[in-house]
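Asker: Pasting a structure below so you can have a look.
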Amino acid sequence: MEPKILTTLLFLTLTSTFITSSAQNCSTYSFTNNAIFTTCITLPVQNSHLHWTYHPANSTVAIAFRRTGVSTSEWVAWALNVDGSGMVGAQALVGLPDSNGSVQAYTSAVTGYGTSLDRSSLSFDVSEIRAERVNGDVVVYGTLVLPGGRTSFNQVWQTGPVTNGAPGAHPLGSENRNSVGTVDFATGEAGAGGGVGGSLLHRRNTHGVLNAVSWGILMPMGAMVARYLKVFKVAHPAWFYIHVACQVTAYGVGIAGWATGLKLGSDSVGIKYTTHRNIGITLFVFATLQVFALLLRPKPDHKYRIYWNAYHISIGYAVISLSITNVFKGLDILDPEKKWKHAYTGVIISLAVIAAILEAFTWFIVLKRKKVEKEQGPVGDGAYGANGYGHHNGHSQAA
C-alpha cells in the first residue's frame with residue numbers, strides 16, 4: 001500500500017478515535033440509574049458537562065451536572081443566574097463530599113463574592129436534588145421549575161476546596177474566571193461567557209496595573225536615578241528632583257493601588273491572600289516612612305546625615321525588593337495571560353541590565369576621577385566622589 005494511503009488511513013483512524021472519545025464524554029455517558037437525557041453539552045472549562053431534558057408542558061428541566069476528576073476534598077456547583085450574569089445572584093446546586101465518601105446535594109443562593117455556599121432556598125423551585133460520586137466523577141442531579149416560563153439563562157459552574165467540612169473559596173485561575181456562559185434548554189444552544197467577576201475582575205486588574213507601574217517600575221527607576229545620574233556633574237542638582245518626582249509619583253499611584261486592594265478585600269470576604277496582603281501593608285508603611293524622612297533630611301554637612309543616608313538607602317532597597325516580589329505574587333493571583341507576566345519580567349530584566357551597565361560605567365568614572373584627584377588634587381568642590389558621594393567631610397551627599 002502506498003505511503004500516502006497509509007497516512008490517510010492513520011489520520012482517519014485517529015480522528016474517529018478522538019471523536020468517539022469526545023462523544024463518550026458527553027452524549028454516550030451511562031448514568032448509574034440508567035437515566036437518559038435528550039441533550040448534552042461539554043462546557044468549555046473545568047472538565048464539566050451538562051445533561052438535560054426539557055419538559056415544555058410544565059416548564060421544568062431535569063438536569064445532571066457532571067464534573068470529572070474531582071477529589072474527595074473538593075466541592076462542585078452549577079448554577080443559573082436568572083437576573084444577571086456571573087457569580088452574584090447565582091442560584092446554585094451544590095455537591096459537597098461527606099466524610100463517608102458520599103456526596104451531599106443542596107441548594108444555595110449566592111448573594112455576594114464572599115459566599116460560603118450556605119444552604120438556602122432558590123428564587124425558583126427545585127423539586128428534586130441529589131448527587132453521587134462515580135469513578136472520580138461527581139454528578140449533581142436536579143429538577144428545576146423554570147421561572148416565568150423562560151428557557152434561556154446565564155449559567156455558572158465552579159469547583160473549590162473543602163475546608164473543615166464546608167465549601168472554601170474557589171481559586172481565581174483563568175478556568176475559574178471563565179466558568180460562565182449561556183444555555184437555552186429549549187433549543188439546546190449554549191455559549192461561552194466573558195468571564196466571571198464582572199466589575200470585581202475589572203477592579204482586580206486595575207489594582208494590579210496600578211501597583212505594577214508604581215511599586216514595580218517607577219520605584220526602581222527612581223532609585224536608579226539617585227544612584228547613577230548624580231555621578232555626572234552636569235546632572236547636579238537635576239538628578240535629585242528627578243529622583244523625588246519618580247518616587248513621589250510612585251507613592252501616589254501606589255496609594256491608589258493600595259486603596260483598591262483594601263476595597264477588594266472588603267468586597268471579597270472569605271477570599272484571603274495573606275502573604276500578598278502583608279507585603280502590601282509593609283510596603284505602604286515603609287514608603288510612608290520614606291516620605292516623612294524626606295521632610296527630616298539633614299543638610300549634607302550635618303553630623304547625623306550619614307545615619308540618615310544609611311536609613312534612607314536601606315529602607316529604599318527594602319521597598320524595591322518587596323515591590324517586585326509582591327507584583328509577581330499579584331500576577332500569580334490574577335493568573336492573566338502569560339504574556340503579561342512575561343512583559344513585566346522583561347521590564348525588570350531590562351532595568352537590571354541597564355543598572356549593571358551603569359554600575360560598571362559609574363565605577364569607571366569614579367576610579368578615574370580618584371586617580372586624577374590623587375595626581376592633581378581634589379576636582380571641583382568634592383561633591384562627586386565615589387558613586388557621586390562627597391568624601392571631604394566623610395558624609396554622603398545622597399538624597
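FYI, residue positions are counted from 1 along the chain as it appears here.
Heads up, the Cβ atoms here are built off N, Cα and C, so glycines get one too.
Predicted automatically and left uncurated, TrEMBL annotations should be read as such.
Got these off TrEMBL a minute ago, pasting:
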SIGNAL    1-23  signal peptide
DOMAIN    46-160  domain 'DOMON'
DOMAIN    169-367  domain 'Cytochrome b561'
BINDING   His207, His243, His276, His312  heme b binding site
TRANSMEM  208-226  transmembrane segment
TRANSMEM  238-259  transmembrane segment
TRANSMEM  279-296  transmembrane segment
TRANSMEM  308-328  transmembrane segment
TRANSMEM  343-366  transmembrane segment
Asker: For the domain 'DOMON' (46-160), give the DSSP counts of helix residues, strand residues and coil residues.
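Answerer: Looking at the domain 'DOMON' (46-160) with DSSP, the answer is 3 helix, 66 strand, 46 coil.
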Asker: Please give the average pLDDT for the domain 'Cytochrome b561' (169-367) in this predicted model.
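Answerer: Its mean pLDDT is 85.
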Asker: Take the Cβ of His276 (heme b binding site) and count every other Cβ within 10 Å, whichever protein chain it belongs to.
Answerer: 18
Asker: Going through 208-226, 238-259, 279-296, 308-328 one by one, which has the most CB pairs that fall under 8 Å from the transmembrane segment (343-366)?
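Answerer: Ranked by Cβ pairs under 8 Å, first place goes to 208-226.
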Asker: Measuring Cα to Cα across His207, His243, His276, His312, which the record gives as the heme b binders, how far apart are the two most distant ones in Å?
Answerer: 27
Asker: Please report, as numbers and ranges, the same-chain residues at least 6 past the borders of the transmembrane segment (208-226) whose CB is under 8 Å from any CB of it.
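Answerer: Residues 239-240, 242-243, 245-247, 249-254, 256-258, 260-261, 280, 283, 287, 316-317, 319-320, 323-324, 326-327, 330-331, 334, 336, 344, 347-348, 351, 354-355, 358, 398-399 contact the transmembrane segment (208-226) from elsewhere in the chain.
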